[in-house]
Amino acid sequence: MGKFEVLDHPLIQHKLTIIREKNCGTKVFREMVNEISTLMAYEVSRDMPLKDIEIETPIAKSTQKTLAGKKVAIVPILRAGLGMVDGFLNMIPAAKVGHVGMYRDEKTLKPVEYFVKLPSDISQRQLFVVDPMLATGGSAIMAMDMLKKRGASNIKFMCLVAAPEGVKALRDAHPDIDVYTAALDDHLNEDGYIVPGLGDAGDRLFGTK
């Protein structure tokens, strides 16, 4: 079973409170999501493997550590996931970026796929799938289905806010996936929104309604 972890670092929690506030404007919301994502990238990459290499400093030859193992790809779930990409690239600037596009049908609350563009070597990469919200879990489950169908196997999912219903649904459907969130909220309301949540992350990131 993959792990589930709430990243309760004080800076993450402080910045998350700022974006939860309904009067937080687009500029600040976008900046805070970027900063939270950078902090989350630091936390979720703790188990990336290292190997020894020989280098020469200005003083002497030395054995030091460098990243080993699979290369990295960041995969945002469009469109709101785009807001988390730059934060991850701040920490892992050489990562490739794929895209998975889907929208939520407002009547059924189920996701509908409309776009997939991934690195050609996706099966050989450690994937960090990012989406600010894990509500019903439908979009995340469909994204995992799409990625696994294309050969991906080493996947971590990151969100800012999750509902218990979404966490359960995702872990039931994909028990091998590690799931990280900055907050586990109370429940979903009748419209499928996380309570207390932070509203529609996509609209708040891009200034739309």
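Placed from the backbone N, Cα and C atoms, the Cβ positions cover glycine too.
Marked as 5-phospho-alpha-D-ribose 1-diphosphate binding site by Swiss-Prot: R79, R104, D131, P132, M133, L134, A135, T136, G137, G138, S139, D200. All protein chains shown were included, and the count of other CB atoms within 10 Å of the CB of D131 (5-phospho-alpha-D-ribose 1-diphosphate binding site) stands at 27.
Under the DSSP three-state reduction, G199 (uracil binding site) is assigned to coil, being neither helix nor strand. Every protein chain shown contributes to the tally, and the Cβ of G199 (uracil binding site) ends up with 16 other Cβ atoms within 10 Å. Sequence annotations record features per position, and here Swiss-Prot assigns uracil binding site to I194, G199, D200, A201 based on sequence analysis.
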Completion exercise
Mapped onto three states, the DSSP assignment of I194 (uracil binding site) reads strand
Handout entry: All-chain count of other Cβ atoms within 10 Å of R79 (5-phospho-alpha-D-ribose 1-diphosphate binding site)
Key = 18
Problem - By Cα-Cα distance, the member of binding-site residues I194, G199, D200, A201 nearest D131 (5-phospho-alpha-D-ribose 1-diphosphate binding site) - result: A201
Exercise for the section: Could you measure between D200 (uracil binding site) and M133 (5-phospho-alpha-D-ribose 1-diphosphate binding site) for me? Cα positions, answer in whole angstrom. Expected result: 9
Problem - 10 Å Cα neighbourhood of R79 (5-phospho-alpha-D-ribose 1-diphosphate binding site): matching binding-site residues from I194, G199, A201 - result: A201
Completion exercise
Apart from the site residues I194, G199, D200, A201, the 8 Å Cβ neighbourhood of the uracil centroid comprises P132, M133, V161, Y193, G197, L198, G202, D203, R204
